[in-house]
Structures are given as structure tokens and as C-alpha cells.
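Feature annotations, courtesy of Swiss-Prot:
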type    : residues                       : note
BINDING : Cys60, Cys62, Cys77, Cys80     : Zn(2+) 1 binding site
BINDING : Asp503, Asp505, Asp507         : Mg(2+) binding site
BINDING : Cys875, Cys950, Cys957, Cys960 : Zn(2+) 2 binding site
Amino acid sequence: MENLNRKKAIKIELANPDTIRSWSHGEVLKPETINYKTLKAEKDGLFDERIFGPTKNYECVCGRYKKANPMNKGKKCEKCGVELTESIVRRERMGHIELEEPVTHIWMLKVAPYRIAAILDLKAKELEEVVYFVSHIVLEQGNQSHFLEKEVLDLGSSRITKTREKLQLSILDVIDQINDPEHRDTKKANRLLEELKNTSIPFSIDEATSLISKYTNAKFGIGARAVEYLLEKVDLTKEIEAIKIQLENSKKTPNERTKLLKRLETFDSLKRSKQRPEWMVMRVIPVIPPDIRPIIQLDGGRFTTSEINDLYRRIIIRNERLKKVKEMGAPSIIVNNEKRMLQEAVDALFDNERKPKPVQGKNKRPLKSLTSVLKGKQGRFRQNLLGKRVDYSARSVIAIGPDLKMYQAGLPREMAITLFKPFVIQWLQDHEYAENVKIAEKMLLQNDPKVWEALEQVIKDRPVLLNRAPTLHRLGIQAFEPKLVKGKAIRLHPLVTTAFNADFDGDQMAVHVPITKEAVAESRALMLGSSAILGPKDGKAIVTPGQDIILGNYYLTTEEKNAKGQGMIFSSLDEAFMAYNSGQIHLNSLIGIALSALPEEKFSDKNQRLNSYLLTTVGKLYFNQIFDDNFPWINSNNIWNAKEAVKEFIYDFSQDIDKVIENVQVQQPIKKKELSLIIERYFETHGARKTAEMLDKMKDLGFSFSTKSGTTISAGDVVAFTHKYDEFKEADQKVEQITDFYNMGMLTNSEKKRRIIDVWSEVKDKIQNELATVLRKDVKNPIFVMVDSGARGNVSNFTQLVGMRGLMNDTKGDIKEIPIKSSFREGLTVSEYFVSTHGARKGMADIALKTADSGYLTRRLVDVSQEIVVVNEDCEPTKGFEVSAIIDTKHDNVIVPLKDRLVGRFTFEDIYDDDKNLVASANTLIDKNIAEKIIMSGISSVIIRSVLTCDNKRGVCQKCYGLNLATASVVNIGEPVGVIAAQSIGEPGTQLTMRNFHTGGVAGNVDITQGLPRIKELLDVTTPKGAVAIISEVDGVVSEIEDYNGVFVINIVTENEEVKKYKTEFNSVLRVEQGSSVMAGQKLTEGAIDLHQLLEFGGIQDVQNYILKEVQKVYRLQGIEISDKYIEIIIKQMLNKVKITDSGDSDLLPGEIITIQNYKEVVQDCIVKSIRPPLSKAQIFGIKKAPLESSSWLSSASFQDTARVLTRAIIKGKEDKLEGLKENIMLGNLIPAGTGLTGTQEVEQLAEQYHNNEY
């Protein structure tokens, strides 16, 4: 059923004076707020109850109607005139102030592109002078020729002479017209002439203009009233025609054309939205409802008020004062000053910060105006509409919950009783333990035992959501079934910590309670912790066990020769476990187990089962217990081929086990990498729920046996290593030699530094390799066990403990040439300690900056892609997207192999190998096997379906998107893939480096920007820092390369025999040689490409491929895998607009920017009507600019540049169709994604099914 409360669209436009009066419930006449004695609202004041409604439900202000009686609704009190209704109306009822003098709206005057100035074709500065009573303006030319219409009479020091001259000429004309020397006006004119001629004497401009007006019908004005007069005269249709004629004039400069197009857009927008320009000048202003600008009583009888009230008070006071001044007949200079002050007071109300001198409060800080209330992080949009504080929530420190199942979280009892209070009360009433709410609440206060029973029952059906800030990706909020625990800490399952990026060193988490039936169903079906096995960014398992769990399973699967009970053969599992539990055999002893005792699904050969045994350990028997019977037996670390690998451990009973053990090699234990593979393989064959069940068993085994292994570290485990001093001696000699060379002038400073660093790096590597060898000799050394298993630490840590710390970074992040020779075991000297703190401190500062930078990147990415949702199954596109392995051509190494780019995507067309055999047909989902097949066929590039070529008008289709990496199945309709893409690119942002690598001026190398700065450079489409590559503008052949002492001139000959010359920077690295064929858009020199140039010369596809390759390069260099499809979504949004260059016979305007889909529709329409279609040029917008070009003004305004976006939307009278997610969140609608698009029926059925099963 359709929700009738759902808002369909929202429109914004200029309000005319009558509209403002129609909103109002009364005029505010006095600046007073509330009476200081009675604390009641003053009559006709800013809080008047007659205008805005009663402060208490159904009670009037005079006390005649005291008892709140809903029966009186709609009545007005006969005495005080207050309407009796709910006090909530004070949040919606508006008032108004009738202004004594019109004022301009500051947004229309001062927000670029200065709308009023554009309409009147004036300079913004000149117009401001008119509005703020500095300069007069000509309203009507009359029958004089010295002043043109709309000319500003500038009395500023630079141009006052010219104005004086013109006034003199006009006055001389007046004298000629009067033609009577004795006339009083002639005498006045002569006096004025004298004043104007003598620059040292001041003159009255009012007197001069009124005299000229009297005899020439010319009209002069000043202030907003003059602007209003001119705006009323504007004929939109005539202006549009005139501008179009001017645009046809080819002699116009680009700047003039841009200015004309801006004006044309303004006039066209106003005409289409049926708005009048004079509405930009206000004669009446609305007063917002009082509960939105409240007065609050503080302790001690003092009051605090919203700053907007102060701004309204100033307006009312100045308005009243202007009335009085006018009534008194004061001189024009005083009246104009009052008018200017009124204009400034209204400016301060609308946008105080835009004023040159903002109105300040007592604390010398600008008062918050209506614009300030809207914009920024603390503004209405981001603080109150896009995110709100939520009821039924709690927060506490997290602690580990080793006994929890993967779908559970431990909630402290006191927290749970408060969170579920309403449900507990309901349960007590339903089961007749309490007759009403009051009794139930009393039972809660007294800790009645029945309350705890009620709580236990209530939480069975109600999952809770756990969230850890910062929520960088969708796994930052997951649902769990609550389990009541003692203490005050929330207990978290150890395996979900990776997804939350949580650890137990004091992190806090928030708990939220889903309330409605649909919310509960969604939590259980879509968000349960046990279903989040794979990470969305790369489809790899995110619940990989760590630390103790790895250690326990490593110990469990270790094999040891000559341990207690070696060579025993058991007929059943129980027998083996009993022997272990009674101390007969060691956990790691090699033993035999009859195949008949093991599951038939794993060992199906009947003959073998009767006559053979498996060589294994008790530990491995325990380990294999955690898997299903149809999962292969794991007996070695060959996981992918476990079924075949296990066969080499099966022996016939006729073979003597002791001899067998003597001849076999000890197998490596299961390490972190193997555990990850097992989880991935298990997920592929068994799905999420079963994998979660297996993981819980793996966790229990790991904890149990890591405890039994008793692995600890002591100083004794850290072996002494004295051999290093010989290495140091040799290195010191080499360094001395290098320094001597430098002193003799044979090396530059940077070369000396590089060589010294190389020497010490070599020493550290040598020591590290030797230590690794030493460490491997003692496989029982706890440090070796931890490093080898992948539980914690690595060889480099160990080197620092025993060998040397090595080279450190300085505060700039560059490497220092003096190494730290001591190890932590020996202890550092004071100077060494000081050196080592430098880099550490920089690391901390970097992380802090990086976190903020990465967070802002994510926010911009979300804003640019949030409207992309999977809307249908197949868009049937006309073209595909060609992919091949991404190769770094400079170093000739593969960044992303073709297989990674194919898995999880759909083919666009049939794929054949060289022998014309069909490898995969069109519209087939490419899985690992098909991808392997394609690569084995020797195919190097494949055309696939991509979001970049998806033909949907909005959103994407299932086939162009492909696999949902988080579920390893085809993406569902309604999936908000745009937001997931943004999170997947933004979430690893904190792991990217902040550094720009400098090569220290070594010739032949190019400084490269990497890490986060490079990502920002690409996605913001800014000119690259460092070396910018020269790209060819034409197709052709390099005919000659001229070398002028390191500056090259590259000559390219095109097919038409034209020669194009490119001059390089000094010492540029060339990418072409004589005779090379080049394509338009191809690099001629090393460096980063300017994307605007590439779009112009290479085209859209080149830009798409370049951004994709470069972004992947940055992430892969840091070892972060991100799926192509996420980057493609962002690129799609950056390139989905075109600029109209010629409007043809369509309604589009030249210079207008629209989406490619809309453009295609208009062209199609023109072709059908047989009229000239518009022409366009592709545009690229960075992720900072793209959201501002969004079709939704609500979404754009809440992103950045609120005032500018809203001004533009107002002029266009824009309607927001509420197609994206943000707009709907703001208006309280369900978002058009997920169940908001497809309904909740399916999810509710799923939830029911999951509720009945344990996992």
C-alpha cells in the first residue's frame, strides 16, 4: 500500500508580498518579547499569543480559559483574542513585519552570480552603492541626453569629477529651457552651477536631481525603492529576445558571451517559473514561528534567547524609528540614513556573515542569522534533518565476549531494562502481573523478580543494533540478539571486531533498539552479525580470526615427532579423545585413526575404509570436528586441494606405522593465511549462516587450546645476537669512505645521503635475514610461534627487539642517515631515543590529519553517488566496456590482473578464443571458473557490462553492476550501490599515505604524488601537482624530436601532413621516440595527465580508463584491493553531464548543463519532431563540484555552498522530485532503496525463517 503521508516533491521559489501576508497570522508591531514580571508574551510583540497561538494547550493568556479543554478547540478568547488550540501551532504559525521602506534580499544582491545586478545589467559594486544610499541611479532618461537610463551617479572620489560635469551640462540645459534670468529656479540653478564648478564646495545631489527632473521628466532614485522601480520595468520576453540577438553576434569576446549567457539563464528561469524580478525586493518580511527561536529560562532567573530574536528586534526598532523620522519631516540625509540602517538590519537577519561588518553579540561574535542556521555541520540540514539523535539508545565501553555466538551481543542488565522498559511493561500487563502502567513501573523500581523474567522473554524477539563511531562502511552498524550479562560493559563477539574496527582498549559502542515490526525483520534478515562474513569492498572474508584464535589452532594442528603416544592406532574418534584426555598421548603426537571411524562423505572408497588408517594427530581430529561432513578433511596446509592432498596420509594396515612416521616429513601447522582460505572456501560451499556456525566452533577451539598451549613471552625468549657488531664495523668504514668522497666534491649532498641510507638498509636487511634463520631453528620459541602463525608481530619487530632499530624518519618524513644501532633488548641511548621519537610524533600527527581528510573524502563520495540504486534487472545497453589487465606501463608490472577485473561481472557479448570456440555467451555472470577459462584461452581483453555504459535514466541495472561482493550473489533490486561504492573507496582512505614522494632532484625521475593527495587530485579533477604530462592533441606519427639542452620539441605529423609541435619542460622524461605512432590523448612525456585536457583531446572513454587505472594504482600500491565497479560508479557520476554549446531549435539554453540521459531524450524528441537538435560538449566535474550540479536542490544545499545553491534553485523555481536518498531522509520519507523500494514482505518472511533457526 502506498504511504499517503509520503511527500512526492518539494518546490522552492521567491515569495511575493501577498504570499508572505497569506502565511502570516498577524503583524508584529513591537520589539518586545516577554514581560519581565509576568513572563507572559507581550501584546503585538515577537511572541504574541494572539499571532502565534497559545503557549499552553487550550489556554488563553488572560486566564479566562484556564483548564485545558479540547472541546474549546478553534474558539477565540473574547477578552484577549487568543485562539484556543494546541501549543504545537507555535512551531508552525508565522507572523510578518510591514516595512516602511522596501529592502533588497541580500542573497539576490550579494551571492554570486549577483542576480539583481545581472537582471539590470549593472556592476555588482555599483548596485550595492545604490542600495546602501551612496549613489543615485537614473530611473527614467526623460528628455535630457547627458544621463542614460540605469546610469549610476557615482560620487566616489575617483569619478565624482565626471558626475559634476554631467550635472553642470544638465543644469545648463535647464537654464536654457526656463529662459528667464529672474525665475527663482534659474537663480537656484546658477547657485548649483557655482557649487558644482568649485570642487572644494559641497553640493546637494538631491537638489540637483530634483531640479533636473522638474524640467526634463528624467527620474532619479536611490536605495532599494529605486532598484524595485527598475525591476518592475523589466520585460522578461523582450530581454530574452534581445540577448539571443546579441549572442548571434560573433564579434563578442568569450567574457562578454559568458556574461550574456548568465543573464539569459536568469531571465529564462524567471519566465519559466512565472516569477517577477521585483519580488527580490521585499516590502514585507516573514517572522518565523516563536518555538523555532525560543526564549529559555536558565537557573537563577536569567534568560537566554535565540539570536534571531535580537535580529528581528533590531528590524522592528529601526522600522518604527524610520516611521517617526518620516512623520517629523526630517532632512533627506537623516531619512536616507535610517533607510540604510533598516536595509542593513534586514541583511543581518537573512545573512549576517555576508555583511562587511556583521552584527555582533555581547561576546563579540557575529549573531547567527537565518543562513547560518541552515548551513554548515551545525546547520539545520546536517544537524537536524540528515541525522537526528535517537531515542531507545544506550552507550557503554565494550569488552570481549568469548562465550557469545556470532549473532549475539552481551547487554548489561541495567542497560537492557532501561532500553526495553516499554516492552517489559507491556509484557507484565499482558501476562496479568500488573494491572496498569503505574503498577508495572513500580515493579521495575522495586526490582521485582518478575521484571527479569519479562526482560528475558522480551529480548528473545528483539535484536539490537550495535554501532561504533566512526561508521566508515555499512558493517559499522550490525544487529545482534541481546544476551543479558553482569557488569556495565557491552560484550562483543571477538570475530566481529574487524568489521567495526574495534579493540578492547576503552572503545565505546552505541546500542539502538529497532521498534517496528519491519525494522525488526530487516535487522534480523539483513543486518545480523552472523551474516556479515564478507567485506563489501573486495568480497574477501572480513571475519578472519586473529591473535589467540590463530595461536590455538596453530598449536592444535602442529605435528611433533617422538612425542608421547606416537604410533598408536585408534579404531574410533572417542577412543583417541579418551586416550588424550587421560594423558596417554600428546596433542601433537603422530597417530593413526582407522578410516572407518571417519565420515563416509570425506572418505568414500569402501575398500580403503576397511583396510586403511589416516596418519594424523589428536589436534587435527579436534580441528576437523568443526567442519561439516561434506567439507574435505584438512590434514595439511594445502587447502585448495585438500581432498586430493589428504590421500598421501592414508596407509594400509599392513604398513608398520612406526616406519611410516620415521619416513614422513612433519607437516606445517595451519596458519592465519590458511584459516582465511578455509573460511572463504567454506563460505562458497555452505553460505553465510553455516560459516558463522563453523567460525564459532573455530573460535572456541582457538581460545581453548591457546590457553592450554601456555604460550607466553619472557626476556629469555629473546635470544642475544652479538654478530651484528661485525656488520656495524664494516658499514662504518663504508660510510666514512662515502663521506670522504663527498668532502672531495665527487658526490652531491643528495647522492651522499642516498648512498649512506643504502649502506644501512643493507645492514639491517642482513641482520634481519640472519635473525629469521636463528628464530626458525627453535620452532618452540613462543616468539617464533606467534610470528610464524600470523597471530602477532613479524620478523621486523623481532629485529628491533634483538638486532637494531635501523633508520628512522625525521619530522618531514624523510629518512635520517644516522641509524639506531641498539636494539630494544639492550636499550637505546638518550640520543637514539630522541631520534626515534621524531618519526613517531610525525606518525601521530599524520594519522590525525589523515582521519579528517579521509572522512571528508568519504562524505563527498557519498554525496556524489548517493542517488545510484539498482532499479531493474536489465537495461539492454547498446555498448559494453572493454577491460584488460591494468598495467603500469612505466615499470611494466601488473597492477590489477584481468581475472580480478572479470570475476563477478556479466559479459556484454559472446566471447570466443582464437579457434572460434565459444568460451562464454553474452549476459553470462563470470565466476572464477569462467574467468580462468578466458585467461587460459589467451584472451587479453574482454567487453563486459559496466555501470559506465548502463542505459538506465536513473540508477543502474543488475546486469551492469554484477555481483554483490558482500553476499557473493547477484545484486538485489533496491541495493543502494552508490553509497556502498562511496564507503568502499572512503573506508580504506585512512590507510593511504599522506606523503608526496620526492626523489631529491635526481635527474630522470619525476616527483609523484601518491596516497590520499593523489586520490583527491584525481577525484576533485584539479591540475596535478608536480610534473604534468604533455598529451598529444592529434593522431599521427612522431617525425622528429629536437633536443635543445634538455628541452625537447616533439614534432607529430598527422594524416593530412600537418605538423603539430610540442615543447617540453627542462629535463622531461619522454614516453615516445622518433617513428612512434601516437593517438590523440596519449602521453608524450612522463607525469600526471590533466583530466580536462584528456577529455578534450582523448574523449570520455580515455578519461574513464585513466581515472580507473590511477585510482587502482594508488590503492593496490598500499595493498588495498577495491573492486573496479565502485570506482566506475564514482566516474559515472563525474562524467554524466554535458554542456549545451548550441541549443538548435530546442528549449535548452546555450551554456546550460544537463545530464547525458536528459540530453539524449531532448535530441530524440527533436529528431521525432524533425527540428534541429541541440549540440553539446562532454563535461567532467570533480566530486566537490558534482553534488552541487545535482538535479536535487535539497541534496546540493545540504552539501556545501548552501546560500548559492538555494539562490539558484529559487530563481529557477526548482522542483525536487525526491529521487535520491538524502532528500527523502530530510523529509522523513522512507528512502527509495532496499525495502523502501521493494517492500518488506520478502524480508519479513526471511526474518521469520531465521528466527526459527539458531544461525
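Glycine is treated like the rest: Cβ placed from N, Cα and C.
The binding-site residues recorded for this entry are Cys60, Cys62, Cys77, Cys80, Cys950, and the Cα of Cys950 lies nearest to that of Asp503 (Mg(2+) binding site). Note on proximity: of the binding-site residues Asp507, Cys875, Cys950, Cys957, Cys960, the one nearest Cys62 (Zn(2+) 1 binding site) is Asp507, by Cα distance. Cys875 (Zn(2+) 2 binding site) sits 62 Å from Cys60 (Zn(2+) 1 binding site), taking the Cα positions as reference.
When Cα-Cα distances from Cys960 (Zn(2+) 2 binding site) are compared across the binding-site residues Cys77, Cys80, Asp505, the shortest belongs to Asp505.
Between the binding-site residues Cys77, Cys950, Cys960, Cys960 has the most other Cβ atoms inside 10 Å of its own Cβ, all protein chains included.
For Cys77 (Zn(2+) 1 binding site), the nearest of the binding-site residues by C-alpha distance turns out to be Asp507; the candidates were Asp505, Asp507, Cys950, Cys957. Cα distances from Asp507 (Mg(2+) binding site) to the binding-site residues Cys60, Cys80, Cys950, Cys957 are smallest for Cys957. Other than the site residues Asp503, Asp505, Asp507, same-chain residues with C-beta atoms no more than 8 angstroms from the centre of those residues' C-beta atoms, the Mg(2+) site, are Ile398, Ala502, Phe504, Gly506. Highest Cβ count within 10 Å among the binding-site residues Asp503, Asp505, Asp507: Asp507. Secondary structure from DSSP puts Cys957 (Zn(2+) 2 binding site) in a beta strand.
The binding-site residues examined here are Cys875, Cys957; by Cβ neighbour count within 10 Å, the least packed of them is Cys875. Other residues of the same chain near the Zn(2+) 1 site, with their Cβ within 8 Å of the Cβ centroid of Cys60, Cys62, Cys77, Cys80, are Glu49, Val61, Gly63, Arg64, Tyr65, Glu78, Lys79, Gly81, Val82. For the recorded Zn(2+) 2 site, residues Cys875, Cys950, Cys957, Cys960 set the reference point as the centre of their Cβ atoms, and the other residues of that chain within 8 Å of it by Cβ are Asn872, Asp874, Pro877, Arg945, Val947, Thr949, Asp951, Asn952, Val956, Gln958, Lys959, Tyr961. Compared over the binding-site residues Cys60, Cys62, Cys80, the count of CB atoms lying within 10 A of a residue's CB peaks at Cys60. According to its DSSP assignment, Cys875 (Zn(2+) 2 binding site) is coil. Nearest Cα neighbour of Cys950 (Zn(2+) 2 binding site) among the listed binding-site residues (Cys60, Cys80, Asp505): Asp505. Rounded to a whole value, the Cα-Cα separation of Asp505 (Mg(2+) binding site) and Cys60 (Zn(2+) 1 binding site) is 57 Å. A gap of 59 Å separates the Cα atoms of Cys60 (Zn(2+) 1 binding site) and Cys957 (Zn(2+) 2 binding site).
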